[in-house]
Amino acid sequence: MSRKPFYLAIIFVSLILIQVLVLNNIRFLGYVNPYIYIAFIFVYPYKTNRFPIISLAFLLGLLVDMFTDSGGIHAMATTLIAYLRTGFFRTFFQKTEVDYEFFEMNQESFGKIFNFVASLTLIHHFVVFLLVNFSFNNLLSVLINTILSAVFSLILYFLGSFILTRKQQ
């Protein structure tokens with residue numbers, strides 16, 4: 001039996017706990033609110049069937065919503081990026097469905113990985129902050145929140161990735 005589902009479950013729970021217990025309590029300069037829990041969507045194995053990742057992304061977002069009392073905003077944003085993930089995957093990594101089974105993200109160049117993760121992170125954060133404000137009147141505030149939080153989230157994601165891959169080697 002493969003250990004992959006066990007590791008994915010640990011990552012899922014760990015990211016939720018880190019998000020809810022630590023990162024949701026950070027509000028640097030009133031704008032920065034990192035969302036590292038979406039890293040699960042990036043590390044989940046790539047398959048042709050989207051249903052498992054979309055279902056898990058919805059559950060992930062729903063759990064964060066339950067702890068933060070945000071009314072489904074995170075569930076909607078994570079479900080959206082889980083749905084978009086396959087298209088972005090094909091675009092940035094130039095892979096076809098045949099390649100999914102053998103794909104390892106750590107074998108790709110940093111530039112491709114960064115563009116993939118940054119694009120989905122920006123989309124997620126934009127949707128979250130747009131729905132929180134629920135108005136285009138505050139578009140500048142939405143964009144500032146999106147960019148600053150995305151930068152901080154990306155720093156945390158790549159720092160965590162670097163630390164975890166160093167430990168495995």
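Positions of Cβ are set from backbone N, Cα and C atoms, glycine also.
TrEMBL annotations:
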TRANSMEM  5-22  transmembrane segment
TRANSMEM  28-44  transmembrane segment
TRANSMEM  51-67  transmembrane segment
TRANSMEM  73-93  transmembrane segment
TRANSMEM  113-136  transmembrane segment
TRANSMEM  142-164  transmembrane segment
Notebook entry, point to check: Does the transmembrane segment (5-22) reach the transmembrane segment (142-164) with at least 3 CB pairs under 8 A, where each pair is 6 or more residues apart?
Noted result: no
Margin query: At a C-beta cut-off of under 8 Å, are there same-chain residues at least 6 beyond the transmembrane segment (51-67) that contact it? List them, or none.
Written below: 12, 15-16, 19-20, 24, 37-38, 40-41, 44, 73-79, 81-83, 85
Check: What same-chain residues lie close to the transmembrane segment (28-44): Cβ under 8 Å, and 6 or more beyond its ends?
Finding: 8, 11-12, 15-16, 18-19, 52-53, 56-57, 60, 64, 74, 78, 81-82, 85, 105, 116-117, 120-121, 124-125, 128, 144-145, 148-149, 152-153, 156-157, 160
